[in-house]
């Protein structure tokens, strides 16, 4: 008989061991998945996790890690504030798209000016503002009408995708593009390009992501706002007693998440993507949810998790090219990672007891009668 | 003894680091009302959990009606004839009485039969109850009846009652005692857990006293003084809080006709509450749980804001202010629920010290928390109020209830309040710690602060209050000097007899 017993205090060791164990379990079961597809599991795992870093063509793949990892980390950091406080913004993908549209629109409005000192900062502000405002829609609806932010933010992703298509085909379409959908290439315009060193994979988004990690760390560990966020997540009633205004916190958390996702979108469109196109978004906003949880909603954890997730993206592409694995396999792989993380996470708060039957819980919906010792 | 209903022989239960019950032996005879006494942490809870099948003892034997008795879960205990009424009710507010009763039964009869049975049982035992009323609308006393009737429908041989009177008015207590005596006369044994020694003297025929998990004495409560029993529980002499009653000073807190809807479903709205508290004074507010205590505390702490012109701290109109602004002025509060309201159970004591201490203890600098100072503040609370904890980084939820209570009360007291509002300040705290908390409340009053003590423990209120008022259905009775109030008068105030004031307005 196996029984779960609640730990009096969450286990620190398991807090950090759980993500590692989830990665290992994902490797094992992912390997079995590849074996079932008729691929050599060891080769597949090596292709995904080893080759991008240390393989023959690693120098080509390593910069890609920065390119993929930066938006994931930037968005996940933003999401982590809300997730800590129990505010579930599932619509970062939409905020990312709006950040890209608004950032690009600000820049394109000033095309072909050469005043980069003015245009690029304006575009950054525009991107952040676009994501922020898009996140304010679920925020205000939640505060005003208690609308569920999960549903509203998620549905707004699909609205944002339609808007993206409309922009790529309409307002932002390249007038010199010979009728092809898509905006001008912002990565080729000196005033708007976000690349710093393209061959190293370094663009402004990478620096912002690192800055966000440091700022988030300081905010969560030391700032009153971070304390209030953690307190709200732990016990909303204690937070109200401590003077937290819940509605303000909802708007702050959603706003931060939106602004950071918007920034990620803006740096993407002026760098790796280059232009607003119909298929500009590739799911970073959703994958970032996994990154946030895999990183324990902790800034440093998110940085590492973003790296691992970027690795699976790149490794997955290599596996697709070299081993012929289906594209969906890598998504299954990422899904497994979240699944195992949530499963292993139980051990952070509970311990396993083997053997004799554990004391039965109270039979009725009773709060356990612990008060009368 | 062959006439024993339940016998315990050497029951021992150890948890990691603590022996909850060590070699406990006791006997309960059929029809006996047997008191189980002890301070918090003495092992009462573990012992009754063992009898009710919630805990399996490590060693020892239990015998019920001559047969070995080892229930592995409460179903088995109920099947064997042991029933229990918990201190905290496990009822669904949104369901009716009959539905709630049916949920707790192994094999509920058809609804119509059940309703009839509920009526019959409740009337037989003097506990009138309408099976079709919604539990959310019942008073605490009526809710307890639902729990008792639920037990009685199973026709128990032994009924365990855990602190049953903490939520009742004196009149309701009298009705409950009648019921229990009737049950006892019919042969049902009752194991009665309470801290209220006078009640035990009035009701019980025998008592077993536990200290640190061991049986230290048995006595006949009818022939033992309350003080003697308390000293057996504590294992020493008892400190009775005292102070020099000073002349009350200027009015420092004033509520002028506050009416406010409860923020919670099934909460109680405050209705035209008026009060004045002076410096150096303790205002005791009694009342049965659920009559607006939580709401009154929220209105004073700032969790629930009020329009202008209703709540004044000295000359400041604090109604629209949130908790932090009120704290800055010196209006502090300690809510009843420790876990999740006064403290965040998953956070460390340091973090919980910053939870309310941030403003007055200067724990922030330009928006950043100074964890070093917060730790120092937590450490001084722990030291001053004798909080038993491994250290400041322990999670609040890992502390025992009484220790956490000492921490949350101490945290406010050390912030030098001008006005301190407490709700159930010694709830679940053992006698010596409770005395220390009451003494601390009296000390700050003597120093010139005003104290508003909301409590359901009338003995406590009589011990510390200068004036006494009662909350009933969200209305506050006009305060009266506490000295010289009789139990009958208090009972009438609690029961809402001051409604007469409203009637002729």
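Easy rule for this one: first residue shown is 1, then count along the chain.
Each Cβ is built from the backbone N, Cα and C atoms, and glycine gets one as well.
Under the heading transmembrane segment, TrEMBL lists A:12-37, A:65-83, A:95-111, A:117-138, A:150-172, A:201-220, A:249-267, A:273-293, A:300-316, A:328-347.
Tertiary proximity for the transmembrane segment (A:273-293) is limited to same-chain residues at least six positions away from its ends with a CB under 8 Å from its CB atoms, namely 71-73, 75-77, 79-80, 83, 90-97, 100-101, 104, 157, 161, 164-165, 167-169, 172, 174, 181-188, 261, 264-265, 302, 305-306, 309, 334, 337-338, 341-342. Most Cβ pairs under 8 A with the transmembrane segment (A:12-37) among the ranges A:150-172, A:201-220, A:249-267, A:328-347 are made by A:328-347. Long-range contacts of the transmembrane segment (A:95-111) within its own chain (CB-CB distance under 8 A, at least 6 residues past either end) are made by residues 71, 75, 118-120, 122-135, 157, 160-161, 163-164, 167, 171-172, 183-184, 186, 189, 191-192, 257-258, 261-266, 268-270, 273, 275-276, 280-281, 284-285. Using a Cβ-Cβ cut-off under 8 Å and counting only residues 6 or more beyond its ends in the same chain, the transmembrane segment (A:201-220) has close neighbours at 62-67, 69-71, 73-74, 77-78, 80-81, 84, 124, 194-195, 226, 229-230, 260, 263-264, 267-268, 271-272, 298-300, 302-303, 306.
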